[in-house]
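A.B. asks: Next up is a structure, given as structure tokens.
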Amino acid sequence: MEVPPRLSHVPPPLFPSAPATLASRSLSHWRPRPPRQLAPLLPSLAPSSARQGARRAQRHVTAQQPSRLAGGAAIKGGRRRRPDLFRRHFKSSSIQRSAAAAAATRTARQHPPADSSVTMEDMNEYSNIEEFAEGSKINASKNQQDDGKMFIGGLSWDTSKKDLTEYLSRFGEVVDCTIKTDPVTGRSRGFGFVLFKDAASVDKVLELKEHKLDGKLIDPKRAKALKGKEPPKKVFVGGLSPDTSEEQIKEYFGAFGEIENIELPMDTKTNERRGFCFITYTDEEPVKKLLESRYHQIGSGKCEIKVAQPKEVYRQQQQQQKGGRGAAAGGRGGTRGRGRGQGQNWNQGFNNYYDQGYGNYNSAYGGDQNYSGYGGYDYTGYNYGNYGYGQGYADYSGQQSTYGKASRGGGNHQNNYQPY
């Protein structure tokens with residue numbers, strides 16, 4: 001068998017730069033030489049790849065084992081988290097010292113030392129602030145006559161407790177001082193109370209005819225306690241429709257507590273029920289519940305609930321109200337409006353009542369809820385706690401009621417109920 005002769009013709013190289021020694025080799029073994037311009041860039045690729053690999057490895061390790069940062073925070077999955085061990089209380093040094101001293105005081109009280117040289121005054125060093133808060137000493141003697149206690153009216157809205165204390169300290173040592181503020185807005189209500197250590201200091205204050213503080217004349221008066229005053233158990237219900245039956249009244253007011261007596265006043269001229277009544281409970285708790293809401297829907301009308309006042313309080317206030325303020329007449333004999341309505345001043349004698357609080361400030365205090373100055377109230381009988389405080393309530397008797405018969409032809413007469 002004949003062997004074909006070897007090819008003498010070799011194809012030309014594909015690239016001119018290919019070496020001649022490779023021309024006779026198979027093309028599958030040949031690789032072109034990389035361009036010269038890429039050669040300087042190749043060394044920098046290796047470090048970059050190494051850095052990327054290191055980052056990937058670090059992220060993998062971090063995900064498996066979270067590392068702690070400064071302050072105790074940890075990183076897991078690329079997010080910061082706050083472990084339970086990081087809950088620390090950062091307090092200033094002064095707060096820490098006060099807390100440590102208070103703890104030491106409590107320990108000393110529970111386990112008093114055998115050494116008698118440690119006095120109770122030392123133990124009370126940090127507890128005096130809580131035990132003798134503002135007004136605490138004044139409230140402590142509210143049921144007793146204290147000759148060193150004074151009522152200060154006509155204060156400026158800008159007068160602070162410090163200003164009042166500094167002014168009155170020139171007359172004697174001030175043991176306690178408080179300025180009453182609105183519980184909602186925190187603004188001063190223009191009056192306060194002061195307790196002197198010595199009763200003679202009160203006489204010194206009263207000897208001076210005129211007192212001026214913060215550019216305004218103030219009016220200090222001696223506090224007089226109303227001894228033996230019982231908590232209110234009797235309420236006045238105004239605006240009651242005469243059509244409301246006694247059974248309806250018992251059913252509604254009996255839900256608040258046990259009723260002792262119900263008074264339904266009658267008009268002696270017309271022999272008809274008047275537009276108000278009185279409810280007496282066996283204790284004061286139902287009265288507190290009733291006064292939580294001023295108006296109550298009873299029967300077909302809305303009624304207003306107030307605390308009834310004794311006769312002597314009413315007479316005293318009527319003497320003060322002569323001259324215009326708190327007058328019961330509502331314009332030309334009672335009713336305006338073409339003379340068809342009958343003006344019933346059914347709260348005559350109950351213009352001022354013992355409210356749930358000194359302006360709803362505290363359930364133990366009675367007084368003027370709408371106090372806007374010091375004019376027009378009884379300095380000898382204002383009420384702070386069990387201290388009587390005179391007029392200043394909104395005049396309830398001036399309101400008109402259309403309940404009852406309407407007088408014809410402009411006959412406007414008033415049903416003036418006298419106090420019990």
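FYI, residue positions are counted from 1 along the chain as it appears here.
Note that Cβ sites are derived from N, Cα and C of the backbone, with glycine treated the same way.
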A.B. asks: From the list K137, K209, K221, pick out the residue that Swiss-Prot labels SUMO2 cross-link.
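C.D. replies: Checking Swiss-Prot against K137, K209, K221, the SUMO2 cross-link entry points to K209.
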A.B. asks: Do you know which of R25, R97, R170 is annotated omega-N-methylarginine by Swiss-Prot?
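C.D. replies: Looking at Swiss-Prot, the omega-N-methylarginine feature maps to R25.
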A.B. asks: Just to confirm what the record says: which one of K76, K149, K216, K234 has N6-acetyllysine annotated in Swiss-Prot?
C.D. replies: K216
A.B. asks: Looking at Swiss-Prot, which of K142, K161, K229, K405 is flagged as N6-methyllysine?
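C.D. replies: So the answer, going by Swiss-Prot, is K161.
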A.B. asks: In Swiss-Prot, which of these is labelled dimethylated arginine: R79, R187, R408?
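C.D. replies: Matching R79, R187, R408 against Swiss-Prot annotations yields R408.
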A.B. asks: On the 0 to 100 pLDDT scale, where does the region 'Necessary for its nuclear import and export' (396-420) sit on average?
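C.D. replies: The average pLDDT of the model in the region 'Necessary for its nuclear import and export' (396-420) works out to 39.
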